[in-house]
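Annotated features in Swiss-Prot:
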{"type": "BINDING", "residues": "17, 18, 19, 20, 117, 515, 516, 561, 605", "note": "5-methyltetrahydropteroyltri-L-glutamate binding site"}
{"type": "BINDING", "residues": "431, 432, 433, 484, 599", "note": "L-methionine binding site"}
{"type": "BINDING", "residues": "431, 432, 433, 484, 599", "note": "L-homocysteine binding site"}
{"type": "BINDING", "residues": "641, 643, 665, 726", "note": "Zn(2+) binding site"}
{"type": "ACT_SITE", "residues": "694", "note": "active site, proton donor"}
């Protein structure tokens with residue numbers, strides 16, 4: 001029984017973000033479709049070859065996506081919303097981009113599909129839309145074409161396909177309500193057709209991803225798996241693939257399925273390998289997800305070996321990444337500026353492939369010397385002085401309940417804030433960032449590379465902040481922001497100014513479409529050596545009589561959007577960040593900043609996948625926010641912002657944050673998110689986003705007014721704010737000016753009644 005290895009997927013964007021650059025060039029009309037397709041082909045060929053060279057036996061094919069793999073699956077099934085369809089009914093790459101972005105080089109612009117987080121990761125997928133009586137057919141053969149490409153290159157191919165039940169679970173019904181699970185029988189023939197095509201090509205194994213099987217699914221959804229897989233059996237061997245949690249609670253459902261293998265995440269799940277081995281059918285292959293696909297830490301391979309060795313030789317076994325390596329940067333070897341000791345603690349996607357090769361070889365041979373050698377640096381880290389800061393640990397231990405309480409209740413604070421700011425009804429503001437123009441990015445890059453001295457850099461940033469204030473005053477906004485010209489990223493910026501974080505040069509991971517992020521890495525205890533945002537906030541406030549918001553990223557979001565340590569709890573990391581940022585709130589307040597926004601867009605996405613684990617997480621997540629904010633005086637208005645959220649099931653926790661104002665992303669969901677706030681009788685102020693910043697389309701005054709009137713039916717008008725869905729960093733100035741002008745006009749119209 002020779003053990004093989006495989007990965008569940010590989011990063012798509014390219015080491016130098018080649019895919020991002022090609023996409024954006026094509027969207028801007030600066031390159032042809034054929035040039036874009038060529039970049040995709042080159043990246044796929046390179047990535048397959050890199051995995052093969054690193055020692056991977058079975059290469060994932062079908063993990064590449066032009067925007068998002070769930071959207072690719074929608075096109076595969078012919079699930080294209082009517083507003084995005086080509087007039088002749090055909091499907092092409094621009095169809096895909098219209099669903100994702102709302103527009104493409106061809107076809108009519110239309111509202112983009114809703115976007116939300118992929119399980120509890122920082123990757124986003126485009127939510128499939130389902131309507132009653134919908135028909136499905138195989139229309140987009142990208143998977144088959146890529147399999148042909150890989151076969152032509154003589155690779156050992158393992159196609160990757162998002163499973164039918166998870167696909168339906170991830171979608172939403174549009175229009176007349178019905179049970180989307182009823183569409184299962186309509187999509188299965190397309191899956192059968194795809195599997196038949198793969199069988200024709202001589203494919204032995206197909207990785208069919210059903211991550212919904214790690215959730216606490218309703219019984220009807222669990223019951224759907226057996227008939228679905230009865231329909232799919234027989235053409236190729238199916239590796240039923242789960243990740244992000246364990247499968248033990250749903251194992252009875254899984255073992256009844258006619259598949260030939262199961263992949264389990266042995267990093268994030270609590271499944272016991274020996275117990276799994278006992279309960280799985282004896283002829284099934286077990287794919288053991290031992291290498292963390294979601295983090296950047298070098299694995300202790302001696303531990304991984306010990307975790308799996310008891311079942312070696314007792315059944316067919318593969319070793320694998322826990323999930324797709326999509327969530328990890330590509331290659332550590334190009335990081336030339338990392339300190340050697342710190343660098344020795346990390347492994348990126350290619351290094352993780354090497355770990356899988358080492359593990360496979362040791363399990364096949366019984367020789368563990370190479371594992372011990374590989375694991376030595378991560379074992380040495382446990383005693384490093386870079387990791388532990390006694391002062392931080394002491395302050396954390398001394399936190400009391402009082403540290404997370406504002407001095408007075410919201411009603412008392414609201415009165416003090418009204419007296420201080422004297423804002424009109426329907427007050428207008430933005431979420432924080434303004435367009436990051438080429439000039440701004442060049443300025444920051446030149447400074448970073450040493451081509452620009454500190455004085456000239458500061459003068460340049462000050463000019464952009466001044467311009468942002470002038471633009472906002474001209475537009476007539478009520479509460480201003482400084483525009484964040486000095487910030488590369490809302491998390492990276494804070495990480496750069498806090499001790500306990502390190503940064504990479506090329507550690508990019510895909511967030512959605514062409515958007516990539518370079519998450520900071522938490523390597524040790526976190527503290528704030530000096531004020532971070534005070535100087536620029538103070539400067540911006542000196543330019544205007546209107547209030548300017550101080551802008552902070554909240555502790556849970558910094559945690560969720562960083563690569564965390566694995567040796568302490570997430571709660572510990574969040575509270576260390578909260579204490580550091582608490583000092584920032586006090587300093588902003590002392591500098592005369594009266595409105596401070598603490599963004600927590602990631603609060604909901606940090607939720608554990610199983611509801612039974614939610615309460616503990618929400619308790620410390622809310623406490624971290626409150627520790628951060630509670631130092632503020634009554635007449636300091638604390639705002640928070642949240643994105644892509646379903647709030648109804650966590651409204652208690654949203655209210656418990658006790659922010660004076662919450663702004664939320666609602667435009668893509670047509671204000672339906674406000675139902676939660678209405679039903680809960682949310683007591684504080686709220687700014688429902690009135691237009692989608694992910695799309696370049698400019699909303700009309702009438703459209704915004706209609707949304708606000710809809711909002712006022714649910715929330716008393718005197719507690720409503722008017723704002724976009726999110727920050728405007730990724731937009732251009734022309735559409736930003738036009739959209740904000742319409743937003744301000746809509747608010748003014750409503751004030752006049």
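Glycine is treated like the rest: Cβ placed from N, Cα and C.
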Out of 431, 433, 665, which of these binding-site residues is nearest residue 117 (5-methyltetrahydropteroyltri-L-glutamate binding site) by C-alpha distance? 665
How many other Cβ atoms sit within 10 Å of the Cβ of residue 694 (active site, proton donor)? 24
Row residue 432 (L-methionine binding site), column other C-beta within 10 angstroms, all chains, value 24
In whole Å, note down how far the CA of residue 726 (Zn(2+) binding site) lies from the CA of residue 17 (5-methyltetrahydropteroyltri-L-glutamate binding site). 24
Could you give the Cα-Cα distance between residue 433 (L-methionine binding site) and residue 726 (Zn(2+) binding site), in whole Å? 9
Whole-number Å distance between the CA of residue 694 (active site, proton donor) and the CA of residue 432 (L-methionine binding site)? 15
Considering only the binding-site residues 431, 432, 484, 516, which residue has the minimal Cα-Cα separation from residue 641 (Zn(2+) binding site)? 431
Taking the Cβ of residue 599 (L-methionine binding site) as the centre, count every other Cβ atom within 10 Å, in any protein chain shown. 25
Collapsed DSSP category at residue 643 (Zn(2+) binding site): coil
Cα distance, residue 599 (L-methionine binding site) to residue 643 (Zn(2+) binding site), nearest Å? 9
What is the Cβ neighbour count of residue 117 (5-methyltetrahydropteroyltri-L-glutamate binding site) at a 10 Å cut-off, with all protein chains included? 22
Would you identify the secondary structure of residue 19 (5-methyltetrahydropteroyltri-L-glutamate binding site) according to DSSP, in three states? helix
Starting from the Cβ of residue 641 (Zn(2+) binding site), draw a 10 Å sphere and report how many other Cβ atoms land inside it. 27
All chains considered, the count of other Cβ atoms within 10 Å of the Cβ of residue 19 (5-methyltetrahydropteroyltri-L-glutamate binding site) is 24
